[in-house]
Amino acid sequence: MASAASVTSLADEVNCPICQGTLREPVTIDCGHNFCRACLTRYCEIPGPDLEESPTCPLCKEPFRPGSFRPNWQLANVVENIERLQLVSTLGLGEEDVCQEHGEKIYFFCEDDEMQLCVVCREAGEHATHTMRFLEDAAAPYREQIHKCLKCLRKEREEIQEIQSRENKRMQVLLTQVSTKRQQVISEFAHLRKFLEEQQSILLAQLESQDGDILRQRDEFDLLVAGEICRFSALIEELEEKNERPARELLTDIRSTLIRCETRKCRKPVAVSPELGQRIRDFPQQALPLQREMKMFLEKLCFELDYEPAHISLDPQTSHPKLLLSEDHQRAQFSYKWQNSPDNPQRFDRATCVLAHTGITGGRHTWVVSIDLAHGGSCTVGVVSEDVQRKGELRLRPEEGVWAVRLAWGFVSALGSFPTRLTLKEQPRQVRVSLDYEVGWVTFTNAVTREPIYTFTASFTRKVIPFFGLWGRGSSFSLSS
């Protein structure tokens, strides 16, 4: 069968010299050249320089009579056959669809040998007992397998794309966190440098003052000592002179002179006053607050860099009807007026509590609860297991999946198996809750003074959720990271 290149070569041979396209209704003129009837008719209608001259052939320039061109039916058939060959080539019915051995079109598929056969091949002895099917029938089950494979592959590709998207988002979040921590470190150390410069100025000013006091007291000491030396030198000179005189002159007023010398007391001057010396000795103690500030700064910075701020919000689907939530779900206030809330399975119906919108399944997280208690009010903060009891009485203890502390009017209690009242330096108004899921620590600290409040130890295997309880009209709390 003709190849695609051969068909193209044949098609070039039956092109019209005028329009360069395939000949349509080919006609022959006197010189033997062929043209499309329409092309040659339009060519003859173009007037020449001499209206009396006959038109000439576009190829060889031989004159011909306008009415002398004849239809070339044989050439028209050739053109039609070539166009059919082109169509076959375009549809892909080329050499690959023809048996190389017999030149016949391939119709069958031998399932035993997995070979494509023509009619002659099928009748051959080697395939006589084999299972034969038409090509489309044989391809059908394979197409079905391909569709199944495509479905699986597309699903796996989608899963990989989802993983890629999720991990890209996670990496972007991590990059944002790193950038935030970088800015935090820069900001904290800028404040530290400012604080250190201020403290340096204060301490240097104190040292400068002490330096001035020492120099002033030195001048006073030198002046006092010089006066004493001068007076003692005068007495010594007077006695030496008296001693050199004759006896009669020596005895004149000798008693008053001796009394005056004997009663003369030497003042023992002190170069540096005890008070100034004590100030100098106490100076290192004045730097202790600076050392404490440095220690607290480093502890605070390391803690904040070590724990991931949890950007949490309150879940209105879990809040007790007596809790009023703000529009941004960052604040809750107690009210004796019940809200019109649907009684869904997630909502607390007796304990005036609310959970955060999202839970935690790993990592180290921290958040701050700012508490404003009315007289007689209380606020409970901590974490609970995701399957904590929502209906009926809620027992606040670790055995029930609750790890929390309660801040009441005037005292703080750790809600362990048995509530324990804690002794603190001051009543916290801001409590930092820090969760280390893998280690199993729930730590509470005063967010302002960083005084430790209490730490629970547990073994977490399920999701835990930040937990908040509130009681007392006018009492409220708000969240921050």
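Placement of Cβ uses the backbone N, Cα and C atoms for every residue, glycine included.
As stated in Swiss-Prot, the feature zinc finger covers range 94-135 out of the listed 94-135, 220-261, 430-471. Taking the zinc finger (16-61) as a whole, pLDDT averages 83 in the prediction. One residue stands out among the binding-site residues HIS102, HIS127 for having the most other Cβ atoms within 10 Å of its Cβ: HIS127. Counting every protein chain shown, the number of other Cβ atoms lying within 10 Å of the Cβ of CYS121 (Zn(2+) binding site) is 20. Shown in sequence order, LYS105, ILE106, LEU117, CYS118, VAL120, CYS121 are the residues of the chain, 6+ apart in sequence, with a C-beta less than 8 angstroms from the C-beta of CYS99 (Zn(2+) binding site). Break the zinc finger (94-135) down by DSSP state and the numbers are 12 helix, 14 strand, 16 coil. DSSP assignment over the zinc finger (16-61) gives 8 helix, 8 strand, 30 coil.
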